[in-house]
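Colleague: Quick one: the structure is below, and I'll ask about it shortly.
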């Protein structure tokens, strides 16, 4: 007996030591990653200082105030040099004006200096000649990490540039910074245990959104003029809404990073996933998005990735002034948004109507079903086991703990919960929230049926769209920016954006207003759907937002990015003319 007790005690002690060593190893990896980032920042700050000594008369503010179209014009005519522009933006970031305030940078790309030399050797100046571009953490750049905010990926150095980065470079762009993301990318906040929480540059008590939150914060803070994000539930559109930017989620297959990065978007998604990740641009204005799309949709993209349909950017559609037939709605019937977001749709609708466009009421069908049975079931068909695997040997970020704990509930308990909650089915369809993860696919047959259900829904949605003869749709987007810590409490508040990931429609966000004192007063009367805990949590999340951006969402049918952008441009112009 004493021998058995001694053996047991020894085993327990060994396990404790093993766990302690594991935690120490994780801590060491995280510290090394942070040290590498800090050294990179010091190196770039030194390069800026050397440039400043050589060229002391640079008008920094004048350069930073230029729009992307103005900047490309100045670079092409030679009145500004790529070197001057690059170091002006690097200085804005490395001088800690943006980074210290928001913690948006994951790493500088020192190779940007080599790219500066490379573009001088190009025979022709590309459409993005000399433009510094920031890219989201998981978009592969040779010699750099693609962490997805995960400790287990801190040793994953990219052996070559992703297709997207290769095309950007071919068009003369200079990737210079990689931006922070939430852990596993499955969040619309922007925090991970290694690099910490990114803040909204417009209000440091607010989230920048996610998962392209680092991009949103860097561009809104003035540290980048063009960024590349990704979107599988709103990850481009939500940071754009929270930070007052324009952002486009294209049809998923219109642009590609590369296959391995698509599968890695949430650290665990399969390539056969029915809801695909889309990559797209984020910038200060719609013309910048259009220029970026025009640059990326080139022969080099089609040659490097033959799976991308060879459809060049259609300038004629983007430049058209033909009146549009616009469907509209200000609520999806699933997650009622704050009064200011509905006001934004109403005001934009009236402005479009006054400008000669035809406005038609449109009601998106069965959003509770889409959210719980199609969207969340796509991610958690296996009960979340594949997603949980990415946290092996990692510290879970506080914002993700509700979802992680939900996935850890044993399958038998989930079945019992589903059975017990069945009498409350109607309420659950409206407000299932994090418990929606209970829904799983129990067999291969059920998985194939799930894929089929998504296709059926897409067909029904397009039929309804066609019956109304719509060109585009105007609808709300989640906002204004949430107070820090709240995105993790309201996972399914993203119904307004996730719908167009399930449908695989191009969708973009345009800021049209700001939160007013009157909006804040009206928010006090907000009761949402049922005045339940989730509605009250949303109220808390968006309060104290006076002066923050208010945006709308613009949508078109698949493969019609140019029409979507043209509509976004119209909305942007009308909002600025108010």
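Each residue, glycine too, has its Cβ placed from N, Cα and C.
Automatic, uncurated: that is what TrEMBL annotation is.
Reproduced below are the annotations present in TrEMBL:
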- 136: active site, charge relay system (ACT_SITE)
- 211: active site, charge relay system (ACT_SITE)
- 235: active site, acyl-ester intermediate (ACT_SITE)
- 185, 211, 232, 233, 234, 235: substrate binding site (BINDING)
- 97-565: domain 'Amidase' (DOMAIN)
Colleague: May I ask for the distance between residue 211 (active site, charge relay system) and residue 233 (substrate binding site), taken between their Cα atoms and rounded to an integer number of Å?
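Modeller: Residue 211 (active site, charge relay system) and residue 233 (substrate binding site) have their Cα atoms 9 Å apart.
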Colleague: Any idea which of the binding-site residues 185, 232 has the thinnest Cβ neighbourhood at 10 Å?
Modeller: 232
Colleague: Distance between residue 233 (substrate binding site) and residue 136 (active site, charge relay system) at the Cα atoms, whole Å?
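Modeller: Distance between the two Cα atoms comes out at 16 Å.
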Colleague: Distance between residue 234 (substrate binding site) and residue 136 (active site, charge relay system) at the Cα atoms, whole Å?
Modeller: 14
Colleague: Rounded to the nearest Å, what's the C-alpha distance separating residue 185 (substrate binding site) and residue 136 (active site, charge relay system)? Just drop the number here, would you?
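Modeller: Spelling it out, the Cα of residue 185 (substrate binding site) and the Cα of residue 136 (active site, charge relay system) are 11 Å apart.
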Colleague: Can you grab the distance from the residue listed as 'active site, acyl-ester intermediate' over to residue 136 (active site, charge relay system)? Cα atoms, rounded to a whole Å.
Modeller: 11
Colleague: Measure between the Cα atoms of every pair in 185, 211, 232, 233, 234, 235, the residues the record assigns to substrate, and report the largest value in Å, rounded to a whole number.
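Modeller: The two farthest binding residues have Cα atoms 11 Å apart.
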Colleague: Can you give me the average pLDDT across the domain 'Amidase' (97-565), rounded to a whole number?
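Modeller: Here the mean pLDDT over the domain 'Amidase' (97-565) amounts to 90.
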Colleague: Under 8 Å Cβ to Cβ from residue 136 (active site, charge relay system), same chain, six or more residues apart: give me those in sequence order, or none if nothing qualifies.
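Modeller: Those within reach of residue 136 (active site, charge relay system), by Cβ under 8 Å and sequence separation of 6 or more, are 178, 179, 181, 211, 212, 214, 215, 227, 228, 229, 230.
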